[in-house]
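Structure first, commentary second.
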Amino acid sequence: MYFFLGTLACLDMGYSSVTTPRMLFDFHIQKRLITIQTCITQIYFIVFFVVSELSLLAVMSYDRYVAICRPLHYTQIMHWRTCVLLVLGMLIFSLLYPLVHVLLLLKLTFCRLTTLQSFFCDLPQLLLVSCSDTFINVLLVFILVILLGVGIFSLTFCPYIIILNTIMKMSKAMRSKAFSTCSSHLTVVLIFYGTALFSYFHPNTKDHSAVDKVASVFYTILTPLVNPLIYSLRNKEMKISLKRAVCK
């Protein structure tokens, strides 16, 4: 579990580093200009970290399933080599997936200076300001997002159906402990999925309101920030240390 949490922390730091420094730089110089090449590069890393985090959350769901439903076999199933292979496979897939979108973006033409209604380069927004025919790009984004979203979403939430069924058969004390084990992960999953789905599946994609911008800030900056806090506050040692610090 701590190996996956360490990986999640690294992904959160990388995810925030793709957008936040550029945003602060634009606020400082007041120009707020970005080249197409830099924008496409930023899109590649944003998609990479988003897919990586979604895949890792699915792997962590499986880890929680084994810990609760098959506790006696946990050390055998979730061996450290298995954990490393899962994370390695996840990272390789996440590195290859954005290349499909980037290669198609490089073939598009952008013939005028256009304002992007966000503080970072987002794939749907960049497609909207292109002068070329983006039908293939939009179709590919739609198909791959549906396939990837349904696949990873199912792998993330299906184990919880079995987990809930198992928890309901436990005693009250064991049930409380099992819920405590899953609550942090489930909270992170719901926050990330909720804000991302709101931003990308809004009915008026061309009309980016203030609410949409707040949602994009939430899942690109605040979610990586609160993830360590959510897991830390569920840790007994962290709670004891926090209480000692407050008492002092």
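In case you wondered, yes, glycine gets a Cβ from its N, Cα and C as well.
TrEMBL entries are annotated by machine, without manual review.
Per TrEMBL, domain 'G-protein coupled receptors family 1 profile' is recorded for 1-231.
What TrEMBL records for 40-62 (among others) is transmembrane segment. When Cβ-Cβ distances below 8 Å are used as the criterion, the transmembrane segment (40-62) is approached by residues 1, 4, 7-8, 11-12, 14-15, 18-19, 22, 34, 86-87, 90-91, 93-95, 97-99, 101-102, 105-106, 120-123, 126, 148, 152, 155-157, 159-160, 185, 188-189, 192, 196, 220 of the same chain, each at least six residues removed from its ends.
Per TrEMBL, the feature transmembrane segment maps to 83-106 (among others).
Under the heading transmembrane segment, TrEMBL lists 135-163 (among others). Residues 51, 54-55, 57-58, 61-62, 64-65, 68-69, 97, 100-101, 104-105, 108, 123-124, 127, 178, 182, 186, 189, 193, 200 of the same chain sit 6 or more residues outside the transmembrane segment (135-163) yet have a Cβ under 8 Å from a Cβ within it.
Look at TrEMBL and you will find 184-202 (among others) tagged as transmembrane segment.
As annotated by TrEMBL, transmembrane segment applies to 214-233 (among others).
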